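Report on the structure given below.
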Amino acid sequence: MKRAGSGHALSLLYLNDLKSPRIWGTLAIVVAAYFIAGPIELFIFHSLTHAFNLRSGSPNTLIKSRYGTLMLVRLLLNSVLWVAVCKMLNRSAIAFPLNRRRFLRHTLVGLATGLAVMLATMFSIWGLEAAVVTRSGQTLASACGNGFAWLILDFVGALGEELYGRAIVLVVAERFLGWRGAVLVSGLMFSGFHLDNPGASRIWLFRLFAQGCVLAYATFRSRSIWWSVGYHTGWNWISAPLFGAAGSGYLDEGHLFNFAPHGSIWITGGAVGPEGSIFAFVAVFVALGLLFITTSSIKKQKRADCQIVAA
């Protein structure tokens, strides 16, 4: 019986189908979106913040209402782009990598992994006395409210980013380069998205490339983006909302602790925050190891997909 897998299983077939105008048209749309989505996103965002009079904060400090608005706009635009890509390629919008099989398990395992490795990064910096950590002075109720709100917002933000970088980009790039090439493209684009972040450095951008590749590989390995969404959420939440450190160069209002780094930027990460630390590099590879342990191999996932289709 002919195997009927999805995504990774059809890589070779995709490579033999490059004469289709639809594929090249889809590629043109995705590349164009990379350059024009930002200005469109900001136009809608600024229109909404003006209409609802959303307050602004200090420079490089994220306010929940404004950040949430921006992330919702990004998620909406990327959702529209995803549907357009699926229409162009004659595929279901809820197929790989947005299939819902093991959605909760993959999301929670990814979340736990992101929380664990970033928490280890923060404790390593603190343990070497390269940072001072103090309480923010919030009440317990306020701390819990802010912490939960940021967790939800970070999930929405992660979903929006992963929808483009680990769904749209992977589905299109795989048809031209195979899944391995698609992983590299996704990593490069993930790094490119953050070129304008405050404190961005070459070493940090390289770490983002490595993490983007891990998230892309996780998408193929788990057959969905949900591990990556969970991981992305946990990673972001630990540094800025919990510890009060810079997260990708930005501080978050209402953080639960105050994090004051000092010493070598190799240890602290410098202006970009702990994500630029050497420990963050180690965390990426630890996360990859945990991915191997907590998820099935690509071959096993392919067999499971075939069994579902055959049934």
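Each Cβ is built from the backbone N, Cα and C atoms, and glycine gets one as well.
Copied over from TrEMBL:
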type	residues	note
TRANSMEM	21-45	transmembrane segment
TRANSMEM	65-86	transmembrane segment
TRANSMEM	107-128	transmembrane segment
TRANSMEM	148-165	transmembrane segment
DOMAIN	148-238	domain 'CAAX prenyl protease 2/Lysostaphin resistance protein A-like'
TRANSMEM	177-195	transmembrane segment
TRANSMEM	201-220	transmembrane segment
TRANSMEM	232-251	transmembrane segment
TRANSMEM	271-293	transmembrane segment
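When the stretches 65-86, 107-128, 148-165, 177-195, 232-251 are ranked by Cβ pairs under 8 Å to the transmembrane segment (271-293), first place goes to 107-128. Note on the domain 'CAAX prenyl protease 2/Lysostaphin resistance protein A-like' (148-238): mean pLDDT across this stretch is 96. By number of Cβ pairs under 8 Å, the transmembrane segment (107-128) is matched best by 232-251 from the list 65-86, 148-165, 177-195, 232-251.
The domain 'CAAX prenyl protease 2/Lysostaphin resistance protein A-like' (148-238): residue composition by secondary structure is 79 helix, 0 strand, 12 coil, according to DSSP.
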